[in-house]
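Asks: Once you've had a glance at the structure underneath, I'll fire off some questions.
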Amino acid sequence: MSNDLAVPPEIPKEDGRPKWDNKFQYILSCIGFAVGLGNVWRFPYLCQIHGGGAFLIPYFIALIFEGIPLLHLELALGQCLRKGSIGAWNTISPYLGGVGAGSWMVSVLVSLYYNTVLTWVMWYFINSFQEPLPWSVCPLNENRTGLNKECYESTAVNYFWYRKTLNITPDVTESGTLQWWLILCLATCWAIVYLCTIRGIETTGKAIYVTAIFPYLVLTIFLIQGLTLPGATDGLAYLFTPNLSTLKNPRVWLDAATQIFFSLSLAFGGLIAFSSYNPPKNDCEKDAVTVAIVNSMTSIYASIPVFSVLGFKATTGYWDCLDRNIINIINEFDLPEESIMRQNYTAWISFLNSSYPEKIAGLKLKSCDLQEFLDQSVSGTGLAFIIFTQAIILMPGSQAWAILFFIMLFSLGLSSMFGNIEGVFTPLLELRIISKSVPKELLSGIICLICFLIALCFTLGSGSYWIDIFDRYAGSLPLLVIAFFEVVGVVYVYKIKRFSEDVKRMTGRKPNLYWQITWRFISPLLLLIVFVAFVTLQIQKSPSYAAWNPKYVCFPMKEEKVYPPWVLAICVLLAVLPCVFVPLVALFQLIKRTCRSKDPSCVPPEVFSCQGANSNFSHPKE
C-alpha cells in the first residue's frame, strides 16, 4: 500500500477485512474453539486421579497465573494488528516470524488427526440408530456355533471399538488396510468442515451458534438424567471429595498447568486469527477473562453428568457382582430364593465364613467392592467409546442417549476444528505467495482436500496408534515452546510498555499490576517450568504404547510395547518441526540483514509499533 492511504490511528482504514456480525458471535467462536473434547473426557479424569476436588486448587492457580494472561495477550495481539499468526509476528519483528510459522504448523498437524477423532464419533453416531446397539451384544463366530472368540474374551463394547471400528493391528509397525467405513466418515467430516469454513468467519460465524450452544443443551439433559440414576451420588462424591494429600505430588501441578494451557487452545494461532476480525476499539481484556472462566466452568459442569453416569455404571457393576455371588451361595447351601439380598449380603457372608469357611472358600466368590468399580479411571477415547458407551447400554432408552451423546461430541469437536482451520486459513490468505485473485472458497477447498488425503493414513489398522503419537508429540510440546516465545517476544522484544499503551488504546484503560507481573515474570517462568518438567518426564520413561493384541497371554489386558527406533524418530520430528521455525526464521532474517547491510537503500528490520498500525501499513514487515 502507498503512503497516501495512511490515516490516523483513531480512524481505522477499511481494509476489506471480514468482521464478526456481533460481539456474541465472536465470544461464542472463541469459547467453541477453547471448549472441546478435552473438557468432557480429560478434565473429569484428572479430577478423579488427582484427589477429586483438591485438583481444582492447582487448576485455578494455573488458570489465574498462566491461562488468562496468555489468552489476553493473544487476543490483544490479533485485535491490535488485525492479522493472522504469521502476519502478526512478522509485523512485530521479522525475527519473530518463526513463532507464527510454528503455530501455523501445529494447527495443520492437529487438524489432521483431530478430524479423524470426529470420524470415529460419526461412525458411532450412525450405528446408534440400530436396535439393539451394536456394541451391546457379541456377534456369532464364523461357524455360527458360538460367540466370536475375541469378543467373548473381552467385551462387546471393546470388540466394537477395536475390531468393528478401528480394525486395529496388534503393532504400530503393522499398517493393516484402509477401512472403507472410516474413509467415508472421514470424507463426510471434511466436507462438513469445508462447508462451515468455506468463506472463513463469514460461514463459521453462522455455524458456531449451533456447534457452540448445542453441547450445553445436551450436557444439561445428561445432567438431569444422570442425577436420577442409581449410584449417581456415589460417582459425584468420588469425583469431588478432596484429598489434599495429593497436592504434594508435583505431577498434579504439572497436569493442572498443561490442562489449562491446552484447554484454552493457546499458541495455535486460531485465537489471534479470530480476534483479528474485531474492531480496534474492543475490550479484549474482558473477552479473555470471559472465555477463560466459561471454559473452566464448562469443564466442571461437564464433570457432573459424566461422573453421575460413571457412578451409575460402577453401582450396576457392583450389584451384578453381588447378584452372581448370591446365586452361587443360594445354590451351594440350598437356601430359599430371596433369603439373601444385597442389603443383608455382608451379614450373611460373615455368618457363613465363620460357620462354613471351607465351603465358602471353595465357591471362589468375587470380591465385590464399590470403590474398586469407581477406581476404574480412564480418559480420552477410552472414556467416550468404551466406558461411556457401556454405561449408555444400561440406561433406559439407550438409543436416544447414544445419539445425543455422539451429537454432543461432534459439536464440541467441530467448533474446535473451526479454530484450527482458521489458524491455517487466515495466515495463508495474508501471505504474498497466494494471489488475492484466488477465491476463498477454492483455498478453503484445497486445504480441506489436502488434509483429507494425508489423514487417510489414520484410517489404517494402525491409525489409532499414530493419532496417539500426533496428540502426544505434535499437539503438546511445541505449543509450550511457541507460547514461551510469544510472551517473551511481546514483553522483551516488542516491550511491555509499548504493548500496555496499545491495550490502553483498545480498551480505554492501562493493564493493571496483575497483568504486568504475570506477563513479565510469572507466565514465562511457569511455561519454562512446565516445559522442563514435561521433557524430564518424557526422558525418564522410554516412550511406549498400549497395543490391542488378541494373541497376548494376558488378553483382554493391553500389551505394553516400546516404540521402535524409526517411530521414535517420527515422534521427535513431530515435536521439533514446529519449534524449529523459531530459530530458523530468526537466523534467516539475521543473514539477510547482514548481506544487505552494505546497501544504504535497504531498511533493516525493526520492531513494529501497534499504536501506529494503520499509518505504518505502508511498510509491512512480512
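In case you wondered, yes, glycine gets a Cβ from its N, Cα and C as well.
Curation does not apply to TrEMBL; its annotations are automatic.
The model shown is predicted, which means the values in this text are computed figures rather than measured ones.
The annotation Na(+) binding site is assigned in TrEMBL to GLY32, ALA34, VAL35, ASN39, SER263, ASN295, LEU412, SER416. According to TrEMBL, the transmembrane segment annotation covers 26-43, 49-71, 178-196, 208-232, 252-274, 400-421, 442-467, 473-496, 517-539, 566-588.
How about a rundown of where these features are and what they're close to?
Replies: The Cβ of GLY32 (Na(+) binding site) lies under 8 Å from the Cβ of ILE208, THR211, ALA212, SER415, SER416, PHE418, GLY419, each of these being in the same chain and 6 or more residues away along the sequence.
Sequence-distant contacts of the transmembrane segment (26-43), counting only residues of its own chain at least 6 positions beyond either end whose CB sits under 8 Å from a CB of the stretch, comprise 20, 75, 117, 201, 204-205, 208-209, 211-213, 215, 259, 262-265, 270-271, 274-275, 277-278, 287, 290-292, 294-295, 298-300, 302-303, 306, 379-381, 383-384, 408-409, 412-413, 415-416, 418-420, 422.
For the transmembrane segment (49-71), same-chain residues at least 6 beyond its ends with a Cβ under 8 Å from one of its own Cβ atoms are 238-247, 249, 251-253, 255-257, 259-261, 263-264, 266-267, 271, 288-289, 291-292, 296, 300, 377, 483, 486-487, 515, 518-519, 522-523, 526-527.
Residues of the same chain lying 6 or more positions beyond the ends of the transmembrane segment (178-196) and with a Cβ under 8 Å from any Cβ of it are 115-116, 118-120, 122-123, 126, 165-167, 203-204, 207, 211, 414, 417-418, 421, 444-445, 448-449, 451-452, 455-456, 458-461, 463.
Residues 26, 29-30, 33-34, 36, 38-39, 42-43, 46, 50-51, 54-55, 58-59, 61-63, 66-67, 70-71, 74-75, 77-78, 83-86, 88, 100, 103-104, 106-107, 110, 201, 246, 291-292, 295-296, 299, 416, 418-420, 422-423, 425-427, 475-476, 478-480, 482-483, 486, 526, 530, 533-534, 537 of the same chain sit 6 or more residues outside the transmembrane segment (252-274) yet have a Cβ under 8 Å from a Cβ within it.
Beyond the ends of the transmembrane segment (400-421), by six or more residues, the same chain brings 29, 32-37, 39-40, 107, 110-111, 114-115, 117-118, 121-122, 124-125, 128-129, 133, 192-193, 196-197, 204, 207-208, 210-212, 214-215, 218-219, 221-222, 225, 265, 268, 270-271, 273-274, 384, 388-389, 392, 444, 447-448 to within a C-beta distance below 8 angstroms of the stretch.
Packing against the transmembrane segment (442-467) from elsewhere in the chain are residues 108, 111-113, 115-117, 119, 166-169, 171-179, 182-183, 186-187, 190-191, 193-194, 197-200, 381, 421, 424-425, 428-429, 434, 545, 547: each is 6 or more residues past its ends and has a CB under 8 Å from a CB in it.
Remote same-chain partners of the transmembrane segment (473-496), defined as residues 6 or more beyond its termini with a Cβ less than 8 Å from a stretch Cβ, comprise 69-70, 73-74, 77, 89, 92-93, 95-96, 98-99, 102-103, 105-106, 109-110, 113, 258, 261-262, 266-268, 516, 519-520, 523-524, 527-528, 530-531, 534-535, 571-572, 574-575, 577-579, 582, 607-608, 610.
Sequence-distant contacts of the transmembrane segment (566-588) (same chain, at least 6 residues past either end, Cβ-Cβ under 8 Å): 94-99, 101-103, 105-106, 109, 172-173, 469-470, 472-474, 476-478, 481-482, 485, 543.
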Asks: Do any residues at least six apart in sequence from ALA34 (Na(+) binding site), in the same chain, have a Cβ closer than 8 Å to its Cβ, and if so which, in order?
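Replies: The list for ALA34 (Na(+) binding site) reads SER263, LEU264, SER265, VAL291, ALA292, VAL294, ASN295, GLY419, given in order along the sequence.
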Asks: For the Na(+) site (GLY32, ALA34, VAL35, ASN39, SER263, ASN295, LEU412, SER416), what does the 8 A shell look like? I mean other same-chain residues with CB within 8 A of the CB centroid.
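Replies: Nearby residues not in the site list: ILE31, PHE33, GLY36, GLY38, SER265, THR298, SER415.
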Asks: Other than its own, how many Cβ atoms are within 10 Å of the Cβ belonging to VAL35 (Na(+) binding site)?
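Replies: A count of 27.
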